[in-house]
Amino acid sequence: MKKNDWIELDIDDLGTDGQGIGHKDGAAVFVDGALPGERVRAKVIALKKNYVVGKLEEILSASPMRVKPPCRVFGKCGGCSLQHLSYAAQLQFKQNFVRNCIQRIGKLELPVNFPLPARNEYRYRNKAAFPVQKNGEQIDIGFYAAHSHRLIDVDDCRIQPSALRIVMSQLRVWLVKNKVSIYDESTHTGLLRHIVLRENKAGELMLILCINGEDIPNKAHLIMLFEFVLPQVKSIILSFNTKRTNTIMGGRSVCIYGKDYLFETLCGLEFRIGPQTFLQVNSAQTEALYNTLLRMLALTKADTVLDLYCGAGTISLAAARRAKRVIGIELVEEAVENAKFNAKLNGIENAIFFAGDTARLLPSVLEREAVSTVIVDPPRKGLDEAVVRALAASGVPKIGYVSCNPSTLARDLALFSELGYSAGVVQPVDMFPQTTHVECVVVLSCKN
Ligand SMILES: C[S@@+](CC[C@H](N)C(=O)[O-])C[C@H]1O[C@@H](n2cnc3c(N)ncnc32)[C@H](O)[C@@H]1O
């Protein structure tokens, strides 16, 4: 095979980013947009050391699992990668993906259940974050194309809140009328960098403008555009981010309209959520995730629970109702303030929270407290090795691991297994339909 060759091949697998994988002349060929069970014609566009990249030119025989993607920028935008696959087949893909990670990375043989399906296949996200770029005279607001910083302009996104459309059009009016300058990452000049929208289950919205500066022009006009047209906007925040960084939010923020928080109801509890505070992006499915974890942990009023990476205390407070006592640890101070507030708001008196890095705070907490169960819900990079070693050295009887990345989960389970823990069944929970992402819950028990 050489570049620009036309090839025909059968697709027999899906890659981690949702690309179809077939084989030709002994090489794996990755073809974006092709599905297992299909015969396709592709043009060779790159020959890498271990694989070939083909561009889909024609589907010669289509998979019965193929569906028509509803989004007009599907295939261009780097957001969703599975809109062309039926939802049932997406779930099957996710189960296989988790199983492969556990076997290949973790070298473990664990039962992996079929994923709990999401209640909504579209419009399920409660948070949208869009970069803004100047494109000649036009302002592009949207998503980056896959593996690039090239922006695909969008006026709606099918997995985001439906209010997004109106938010985008009102923002464009304000941007143009007030000649708001747009951030240019190559020169580190210009004001507006990102737009973030959060929505709670009641449909209330928080709009966050991430700016490279200290203020925006004509705030009154911006507020007026939302106050009358979209009264669901309860909060407008400026987040100051003047660093040369890919991080979206800056460390400081100020509320210029309404309140600097939204309330969300999860598992029958109320949570105050600030602009910096992590919240699972699929609120409806978050309840399924937490209920799955709590069912698998089977907490009793004798348990002292340590909830690591606790965010605004959402899991902690749901666990506190079933346990003797809960201790939460979280890096972001605003989230910890919200967690403390949320405990009071819900009349929960058996939960306390500490702000700081888990690896730093963990040893002293484990020494002080007779912890019977630990919950970990780390970011995608998984657990620091020091955290796994500290937990294993403490001999805590039970660990509930919530993971948004099956690869790092498998790596961490392997280390726990070496250090005397055995993992039970892995339960994937689909929080992210139309994408290859999947959340997993697994409970580990100390063997001694
Ligand atoms: C996947 S979220 C889980 C949050 C919470 N359990 C929930 O369900 O909403 C991971 C959390 O870990 C926090 N975090 C990241 N690094 C941390 C660290 N080194 N120590 C403590 N918390 C950290 C993040 O701020 C975030 O709130």
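Glycine too: its Cβ is placed from the backbone N, Cα and C atoms.
Keep in mind that what you see is a predicted model, and the values were worked out from it rather than measured.
With Gln280, Glu330, Asp377 listed by TrEMBL as binding S-adenosyl-L-methionine, the candidate from Tyr261, Tyr290, Tyr309 annotated for that site turns out to be Tyr309. Cβ proximity to the S-adenosyl-L-methionine site centre (mean Cβ of Gln280, Tyr309, Glu330, Asp377, cutoff 8 Å) flags the following additional same-chain residues: Phe278, Asp307, Leu308, Cys310, Gly311, Thr314, Ile315, Pro378, Val402. Counting only same-chain residues at least 6 apart in sequence, those with a Cβ under 8 Å from the Cβ of Gln280 (S-adenosyl-L-methionine binding site) are Thr286, Leu289, Thr314, Met431.
The Cβ of Glu330 (S-adenosyl-L-methionine binding site) lies under 8 Å from the Cβ of Tyr309, Cys310, Gly311, Gly313, Val336, Ala339, Phe353, Phe354, Ala355, each on the same chain and at least six residues away in sequence. Shown are the recorded positions Tyr309, Asp377, Cys404; the one with the most C-beta atoms within 10 angstroms of its own C-beta is Asp377.
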